[in-house]
Amino acid sequence: MKFSLFFSVFFLAVLHACLSESEIDLEDEEHFMSSDSFLSEIQDESRGKTCIERNKECTNDRHGCCRGKIFKDKCTCVKSGKTEKCVCTQKKWAKIIESYIGDIPALPKPVDDKCVPKHADCSKRKDDCCKGGIFKYQCKCYDMYDDDGEKTDLCGCVSPVEHQAIEGALRIAKKLIGDRWGR
């Protein structure tokens with residue numbers, strides 16, 4: 001009963017919002033739809049430009065400041081009399097965050113953009129094992145000896161015992177909860 005009451009009130013609210021549009025709202029939407037995407041216009045405009053470096057003048061192009069490691073620099077203006085001078089600067093909070101974080105390392109991509117499946121050989125790609133149920137599989141290597149006595153490594157993507165225990169406990173808990181509530 002509560003469920004149907006909630007959705008009926010929600011439906012009426014959405015219906016009211018749809019029917020309460022005025023002609024001005026519709027004109028604004030038509031204007032927005034008639035122009036090309038705002039983002040693509042900005043990208044087309046800025047493709048040919050080079051950015052303005054930090055501590056250089058940006059009076060003529062206030063949105064052309066370069067990007068730091070993480071954040072974009074801002075054009076800060078100072079007015080003296082009738083003239084106004086603007087310089088690309090970095091905000092203090094951005095400077096503190098960038099100095100604390102440093103360079104953001106790019107995550108290494110797998111060789112063929114696919115992960116190594118469970119129990120497959122991962123000797124060459126030890127960090128690219130696929131994700132299991134909740135956790136990512138880990139590459140585990142074992143020492144093997146041939147008939148000649150030569151040592152070789154046998155590597156495979158496996159799930160550690162702790163991860164198996166946690167996933168098993170969650171499966172059992174989910175089943176118990178489902179059985180209790182009749183699902």
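Note that Cβ sites are derived from N, Cα and C of the backbone, with glycine treated the same way.
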Stretch carrying region 'Predicted alpha-helix' according to Swiss-Prot (options 66-79, 136-149, 164-177): 164-177
As recorded in Swiss-Prot, which of Cys115, Cys129, Cys130 forms the disulphide with Cys157: Cys129
Disulphide partner cysteine [Swiss-Prot] for Cys130, chosen from Cys115, Cys122: Cys115
Spatial neighbours, same chain, of Cys77 (disulfide bond) - Cβ under 8 Å, 6+ residues apart: Thr59, Arg62, Glu84, Lys85, Cys86, Val87
Lowest local Cβ density (other Cβ within 10 Å) among disulfide-bonded residues: Cys66, Cys129: Cys66
Inter-residue C-alpha distance, Cys129 (disulfide bond) and Cys115 (disulfide bond) (nearest angstrom): 5
Nearest-integer angstrom distance between the alpha carbons (Cα) of Cys122 (disulfide bond) and Cys115 (disulfide bond): 10
